[in-house]
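Per TrEMBL, the features are:
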| type | residues | note |
| --- | --- | --- |
| TRANSMEM | 35-56 | transmembrane segment |
| TRANSMEM | 102-126 | transmembrane segment |
| DOMAIN | 103-309 | domain 'ABC transmembrane type-1' |
| TRANSMEM | 138-159 | transmembrane segment |
| TRANSMEM | 189-211 | transmembrane segment |
| TRANSMEM | 232-254 | transmembrane segment |
| TRANSMEM | 288-309 | transmembrane segment |
Amino acid sequence: MTMFPEHNTVEPPIEERGRLTRLMARWRQDHGRKLVIALPYFWLLLLFLLPFLIVFKISLAEMARAVPPYTDLISWVDDRLDISLNLANYLHLLSDPLYVDAYLQSLQVAAVSTLCCLLIGYPLAWAVAHSKPSTRNILLLLVILPSWTSFLIRVYAWMGILKNNGILNNFLLWLGVIDQPLVILHTNLAVYIGVVYSYLPFMVLPIYTALTRLDYSLVEASLDLGARPLKTFFSVIVPLTKGGIIAGSMLVFIPTVGEYVIPELLGGPDSIMIGRILWQEFFNNRDWPVASSVAIIMLLLLIVPIIWFHKHQSKASEGEA
């Protein structure tokens, strides 16, 4: 019978283990927070800054019959490094009325749609926040439920509702309100309807959250001091829920500026928004440098409200502290 010798595991002394534990705890205390903060920065670097730099590089190039269809910024010519930066694409966008009108119309559609979502979403959020606890979750589910369906299917559904022989016109004809079908589909009105319907939940939910956190003792104090309900609403309730209003407005305004599907399917030839221009330049014309320039300018336009929102949130946090 073969006997195997036992291997005794030599453990470090208790003092040594305690010192290692203290060193690890100190390292976590000194560097753990930096690592946690570094993760979202790494995420932004990978998914935002790096693609932005790639698109910006393409915007400084020229269109070429090649794969990919643009010239190189850095190349070797006669044994020397040649760097060619082309700003003609940006000058072309700023001087061509087609692109300028597309930017202005995109901002107009986004602003009007955001205002419509606010006027509809605030009363809806108020009704949900002040409903019975037993029905509140059901109302919230009804607000969120359309988002569970494919975005494209919902837009196609509105095409069936708004067309000349669609549900809306047939209903109005049955009521006798109109004598002939209304031309709604492929107009700017259809674009506003589609945008407001699609992005309304993004306005309702932040306002609902702000209303649930509202200190209603301040509202009661305002009413007890003789303020009318309308005065109390605009002087007390709206300022206290301003954070939810701004957050909802940003969630509606920013994606609406670059919207492509809704103007393409519900809008007409006059609904020229920057998303459609971007698609045409990139896929139809295969002019990647101009398309990249369009995207960069659109991104710079959207950074302005984001910075303003960030400053507002910082001031609000300092005020609460």
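The chain as shown is numbered from 1 upward.
Note that Cβ sites are derived from N, Cα and C of the backbone, with glycine treated the same way.
Annotations in TrEMBL come from automatic prediction, not curation.
Nonlocal intrachain contacts for the transmembrane segment (288-309), taken as residues 6+ away from its ends with a CB within less than 8 angstroms of a stretch CB, comprise 52, 55-56, 58-63, 68-70, 86, 89-90, 92-93, 99, 103, 106-107, 246-247, 250, 253-254, 257-258, 274, 277-278, 281-282. Packing against the transmembrane segment (232-254) from elsewhere in the chain are residues 110-111, 113-114, 117-118, 121-122, 125, 199, 202-211, 214-215, 218-219, 222-223, 302, 305-306, 309, 312-313, 316: each is 6 or more residues past its ends and has a CB under 8 Å from a CB in it.
If one looks beyond the transmembrane segment (138-159) by at least 6 residues along the same chain, the residues whose Cβ comes under 8 Å of a Cβ in the stretch are 124, 127-128, 131, 166, 185, 190, 193-194, 197-198, 200-201, 204-205, 208, 261-262, 265-266. Within the chain carrying the transmembrane segment (189-211), a Cβ under 8 angstroms from the stretch's Cβ atoms is held by residues 109, 112-114, 116-118, 120-122, 124-126, 128-130, 140, 143-144, 146-147, 151, 154-155, 158, 162, 240-245, 247-249, 251-252, 255-256, 259, 262-263, 265-267, 271, all 6 or more beyond its ends.
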